[in-house]
Amino acid sequence: MKALVKSKSQPGLWLEEIPEPAIGINDVLIRVLRTGICGTDVHIYKWDEWARETIHVPMAIGHEFVGRIEAVGSNVADFFPGDIVSGEGHVVCGRCRNCFAGRRHLCAKTMGVGVNRPGAFAEYIALPMTNIWRHHEGIDLDVAAIFDPFGNAVHTALSFPVLGEDVLITGAGPIGIMAAAVARHAAARYTVITDLNPYRLELAAKLGVTRAVNVREQKLGDVQKELGMTEGFDVGLEMSGNPAGFRDMLANMSHGAKIAMLGIPAGEMAIDWRTVIFNMLTIKGIYGREMYETWYKMSVMLQSGLDISPVITHRYHYTDFEKGFEVMSSGNSGKVILSWD
C-alpha cells in the first residue's frame, strides 16, 4: 500500500510502498479516506529536536483520519465492514491504575498513533477495536477526519462550565478557533480570541467569535470595556503555548477564574505566581481527549448544529502532500485535509 513515511533521519517525508498491516483478533482494518495534517506531523516533517528524540525511523506517520472498515478480527462484534469510523490516537495499556479506573486518557503508557506506532497517512491502518469511533450517518468526511484536534478543542473548552460565562482564548490556531466555537455553542456569553496572525483572526471571526483581537493593535482591557465587562474573564483557554499570551491571560482573568491549558510552551515559562495565588485562579492541564466522553460530546455538538467546517481551508490529494505541509508551515491556513480515495 502507499504511505507517507519518515524513512530518513532528516527533514521531509517520502511516499513509499509498504506492506498492508495485519490485524489480530481484537483489531480493525480501516481503508483510509481522509487525513488531517497536524502540527505534530509538521514537527516530524521538519525533523526538529522533539521529532529527533521521539520518532524511530522508518515510521508511517499521521493520526487524524476517517475511513471505512474493511475487515475485523474474530473477537470484534460491534464493528462491521462498511462502517465509517475514526480512531482515538492514543493507544493505552488497559492495565494501569488510571485505565482500570476508567481514566484512560491519563494512561502513563500511552502509545501515539503515527508517533510510537504506524500511523494513518496510508491507504490502510489497523487499530484495536477499543480505539474505534463509529460516526453518525451522513457526517461530512472532511469534518470526521479532524475529530482528533476537534476533540482537543472540546476537551479544553468544556473542562469548566461556560454557560453564561465570558471566555478568553489565547491562540487562534485551528484548535483554538474550534475551542472558541465550542464555547459559543455551549452558551458562553462572550468569546474573545487573541493572536498576532491576521489570517487566523479573520478565520476565527468567520466561526462567530465575539471579538478576534490582534494584541499588537488592541489591549484586552480595552476590549473588556467595549463589551461592558468589569471584572475580567471567567474562563481562559490557553491554546498558544506562548509565554506572553499566557501572562496576558493571567492579567485579564477575574478573581476565582479557571484556566484550561492545552498549548505547550517550548521550554520553561516564567509567570507571576502571586497573581495565581492572590486571585485564586485554577489552572488545569489538558492533553488529548477523554475516552470516550469527549467523543460523545463532539458528535452531539455537531448533530445539534455546531458547524466547524469553515476551519478547514485547504484540501489536497495525498500525492500532493508537499503542498499541504507547505501551507501548514506558512501559518496562513486552518486545517489541511489530504484525500486518500
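Cβ atoms are placed via backbone N, Cα and C, with glycine included.
Pulled from Swiss-Prot:
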type	residues	note
BINDING	CYS38, HIS63, GLU64	Zn(2+) 1 binding site
ACT_SITE	THR40	active site, charge relay system
ACT_SITE	HIS43	active site, charge relay system
BINDING	CYS93, CYS96, CYS99, CYS107	Zn(2+) 2 binding site
BINDING	ILE175, ASP195, ARG200, LEU262, GLY263, ILE264, ILE286, TYR287	NAD(+) binding site
Review point. From the Cα of CYS107 (Zn(2+) 2 binding site) across to the Cα of ILE175 (NAD(+) binding site), what is the distance in angstrom?
Key: 23
Study note, to complete from the structure: Other C-beta atoms within 10 angstroms of the C-beta of CYS93 (Zn(2+) 2 binding site) total 13
Check your understanding: Rounded to the nearest angstrom, how far is the Cα of CYS96 (Zn(2+) 2 binding site) from the Cα of GLY263 (NAD(+) binding site)?
Key -> 27
Practice item. Give the maximum pairwise CA distance in Å, whole number, for the residues ILE175, ASP195, ARG200, LEU262, GLY263, ILE264, ILE286, TYR287 listed as binding NAD(+). Key: 23
Revision key, fill the gap. Here the 10 Å Cβ neighbour count for ILE264 (NAD(+) binding site) comes out at 12
Review point. Between CYS96 (Zn(2+) 2 binding site) and CYS38 (Zn(2+) 1 binding site), what is the CA-CA distance rounded to a whole number of Å?
Key: 28
**Study point:** For LEU262 (NAD(+) binding site), nearby residues of its own chain (Cβ under 8 Å, 6 or more apart in sequence)
**Key:** ASN152, HIS155, THR156, ILE175, ALA179, LEU237, GLU238, MET239, ILE286, TYR287
Study note, to complete from the structure: In the three-state DSSP scheme, CYS38 (Zn(2+) 1 binding site) belongs to coil
**Study point:** Cβ-based neighbourhood (8 Å from the centroid) of the Zn(2+) 1 site, residues CYS38, HIS63, GLU64 excluded
**Key:** THR35, GLY36, ILE37, THR40, ASP41, GLY62, PHE65, GLY89, VAL113, GLY114, GLY119, ALA120, ASP148, PRO149
Exercise for review: Going by Cα-Cα distance, pick out whichever of the recorded positions THR40, CYS99, ARG200, ILE264 is nearest to GLU64 (Zn(2+) 1 binding site).
Suggested key: THR40
Check your understanding: For THR40 (active site, charge relay system), which of the binding-site residues CYS99, ARG200, ILE264 has the nearest Cα in space?
Key -> ILE264
Point to revise | Minimum Cα separation from HIS43 (active site, charge relay system), reported as the residue among binding-site residues CYS99, CYS107, ASP195, ILE264 that achieves it | key: ILE264
**Study point:** Inter-residue Cα distance where the pair is CYS93 (Zn(2+) 2 binding site) and ILE264 (NAD(+) binding site), in Å
**Key:** 24
